[in-house]
Amino acid sequence: MTTSNESTPPASATTTALKYLAGQLRQVGLFSALIVIVLFFQFATGGITLRPINVSNLVIQNSYILILAIGMVMVIIAGHIDLSVGSLVAFVGAMAGVMITQWQIPWPAAIVLCLVIGGIVGAWQGFWIAYFRIPAFIVTLAGMLLFRGAAQIALQNQQISPFPEAFRRMGSGFLPAFGTSGYEPLTLVLGAFAAIVLLYGSLRQRMVRHTYGLESEPLWYFILKLVFSVFLIGCMAFLLASYNGTPIVLVILGVLIVAYAAIMARSVFGRHVYAIGGNLNAAALSGVKTKRVTFLLFVNMGVISALAGLVFTAQLNLASPSAGTGFELDAIAAVFIGGAAVTGGIGTVTGAIIGGLIIGLLNNGMSILGVGTEYQSLIKGLVLLAAVAFDVYNKRRVGGR
Amino acid sequence: MTDHILEMRGITKTFPGVKALQDVSLGVKRGHVHAICGENGAGKSTLMKVLSGVYPAGTFDGQIVFEGQPVDFRSINDSEAAGVVIIHQELALSPYLSIAENIFLGNERQTRGWIDWNRTNLEAAKLLERVGLKNNPVTKITDLGVGQQQLVEIAKALSKRVKLLILDEPTAALNDADSAHLLGLIKQLQAQGITSIIISHKLNEIEAIANEVTIIRDGRTIETLDMQADHVSEERIIKGMVGRELESRYPEHTPSIGEELLRVENWNVFHPVDVTRQIVTNASIHVRAGEIVGIAGLMGAGRTELAMSVFGKSYGVKISGRVLKRGVEVDMSTVPKAIRNGVAYATEDRKRYGLNLIDDITRNTSGSALGKLAGLFGFVDGHKEATVAGEYLKSLKIKAPGVSSITGKLSGGNQQKVVLSKWMYADPDVLILDEPTRGIDVGAKYEIYAIINRLADEGKGIIMISSELPELLGVCDRIYTLAEGRITADIPRSEATAEVLMQHMTRERERGASDNLQ
């Protein structure tokens, strides 16, 4: 007979703290992995990784994958997938090239038109998926071929270059710098602003929860998280400030992340996306307009892909029929590394962004180290597998029965 | 000493934070049918998972002795090799494979490494004969009814030379005829020397077939009763399960009935795939404020189909008829419109159609009325939302660590309460409850009935669909009977008895029986 061991001595503060951390393993683990990878490359490249110019490049060169990951995580949470985003990047880039250089349309108008094209393409795919009920895998696989072809036709298999200076800045430019030597002040101000908004938001959230009498995370964890986040923002701001300042894509990306994170976490639409991915039937019987939500998700994905296409084209200063090849896979990998579930219903925008950063860091670090592309691909594959394996293991451990 | 085929001694199983089983002992006599009773969450399923090796030896304390030998099952394969086969509540058959393929799945009949289809189908046919299933072994599982699938599971168990058959809620999804057949089969197997353990909420079945019953409450063995020697009655078992005598299984309720809320007139529905098959024919029903109206009908009578087709045309095609709300015709063509018109439908299958099982209580509770929580720009007030969920957690006595608990981990009764809180928060005028107490233990049922009464007292109209006649008789003010898609009677509480209901439920049966066989 076993004796009941209910009278275990009260656990020490550190054990409870560790237990809590273990419960947050997914979140903590993802951040830790990111930091470990940064530190590893910082050490292995002899300090090149965290050099201001490299950090700036890292942001700029991964921006379009991160943008795509935002749309992709929403699609995947709803239980779908989009394989066509890479081709759409090429198609939109091609259209931008044709409009700006051949039709002489002013570049701001061309940008708007390209986003509209993205929306139309999304609506086309969304229609087949939501209303005609063809699996997204098939529809977007068809789209992948379709829009690659469309891009080649639009460009007549030629490349278009160059683009106007102002357009190019969207991809590779910086916010106007004040002062030319030392730290660039605007970037520091923006960093400080971001930190203050974060502090204010978190504190207010915690206070409201308190007045409602709702359970909150432990104070030490809350403070640790805040200190850590502010530290990261600070580091980022100083690093960028000591090079050219804030990349314009970072501003675009920042706005997208904040907006979409809020939509997914707190808006009715976002809730409906999670509900559809978690249990489609239950969502429909709860009065969620499942078809409309699915349709809008793909329209959104189309617009986001168009934006990624514009940023990519601007950055390369080139519209090419082969642009964006494999982007869909990078974006999907980012989403899964970031903790989304293949079955839908689980995932976050921030997770996808961190997943994207991990991939970006691996690309960047290995390139600096001179690792061949064949090995880069191999290592990225293993990282994706390891991340999902960790997730599955973690779920099983917590799930118990 | 009597001959025990199985003895479990001092089984203790702990999950992080919960003691699921505490010093549980179970002795099963060879050749007997042994029932295990207990409320949901009492630990019955956990005990069976310990026995069948789902929880491998070493992850629990205590000893298992099978056929006189101490055993350490490390997996289901181990226990099946020893002759212990468990049939789970959720059947584990592969829908697009044939009966024969399913029976020998993982245990394929082979000749020189290739599957021998002749042997497979021949042996399957023999097994099917033993369980009384007349289908061809090459029939696909998806073409079978639930009752027939259950028989395939048993045939599969027989193919593994089962000595101890464990059935977890075998009749939960079956109609009366299929249940009777299954229980008969268990007795037949008993005569062939196969010992069975049966877990069931249906106490009349236990009374009918069990030799002994072991009652488990809160992870402990309460008692083992010999059905004959101890003259065990349903009330006796209930007393053991809940730890007290339930004076009444249905709470007292005096209805105060008001104006008519909802009227469905001349409702016709056709099958979504076989569009020539009429599922509901000319049905007319109504419900008044404060009234609890029951719908009784046998499996396949069209109860759920009637309800779901009214609720935003969620089922069926070629739907015709009128729906009137307080005497005015309303548009119920989509679920959002039905909800806006104050009608809610709580499904009979909460796992598939009722809950987002990977999400928490809060978000499930707010699921159908997010608009009420949304402020400017469609953003949800998360704090208010959690408060609302917390209120229902308290008032419906949902047993969960908190509002952020994942609904998939709750027991059936608590899941049902979450479904109810979802619709209570949507605040409909008419609430259609489809099998609201299916798979729920006696104590939780009583609580659900009390909630239903409370809703009626708030002036809502309740339509309750149930397969359990005593439940309808105990709770409803008026009962419709449905047979072959037609309303055959409208019986007030004072005139309703089980016999009267059954009479009307089977009225069309003889006529329609031949063309309803599949």
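Quick reminder: no glycine exception, Cβ is built from N, Cα and C everywhere.
Listed in TrEMBL for this protein:
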type: TRANSMEM; residues: A:28-50; note: transmembrane segment
type: TRANSMEM; residues: A:62-79; note: transmembrane segment
type: TRANSMEM; residues: A:110-130; note: transmembrane segment
type: TRANSMEM; residues: A:136-155; note: transmembrane segment
type: TRANSMEM; residues: A:175-199; note: transmembrane segment
type: TRANSMEM; residues: A:219-241; note: transmembrane segment
type: TRANSMEM; residues: A:248-269; note: transmembrane segment
type: TRANSMEM; residues: A:295-319; note: transmembrane segment
type: TRANSMEM; residues: A:331-363; note: transmembrane segment
Spatial neighbours of the transmembrane segment (A:136-155) not adjacent in sequence (6+ beyond its ends, CB under 8 Å) are 75, 80-84, 86-88, 90-91, 93-95, 97-98, 121, 124-125, 128-129, 298, 319-321, 323, 328
Within the same chain, the residues 6 or more beyond the ends of the transmembrane segment (A:62-79) and with Cβ under 8 Å of it are 85, 89, 136, 171, 247, 249-250, 252-253, 256-257, 260, 264, 273-274, 276-277, 280, 293-294, 297-298, 300-301, 304-305, 307-309, 311-312, 315, 327-328, 330-332, 334-336, 338, 340, 342-349, 351-353, 355-357, 359-360, 363-364
Outside the transmembrane segment (A:248-269), at least 6 residues beyond either end, the same-chain residues with a Cβ under 8 Å of its Cβ set are 59-60, 63, 66-67, 70, 73-74, 77, 169-175, 194, 240, 293, 296, 304, 307, 311, 315, 348-350, 353
Same-chain residues at least 6 beyond the ends of the transmembrane segment (A:219-241) with CB under 8 Å of its CB atoms are 17, 20-21, 24, 31, 50, 52, 55-56, 59, 183-185, 187-188, 190-192, 194-195, 198-199, 202, 206, 247, 250
Within the same chain, the residues 6 or more beyond the ends of the transmembrane segment (A:295-319) and with Cβ under 8 Å of it are 60-61, 63-65, 67-68, 70-72, 74-75, 78, 80, 82, 84-85, 88-94, 96-98, 111, 114-115, 117-123, 125-127, 129-131, 136, 155, 159-163, 167-172, 249, 252, 256, 269, 273, 327
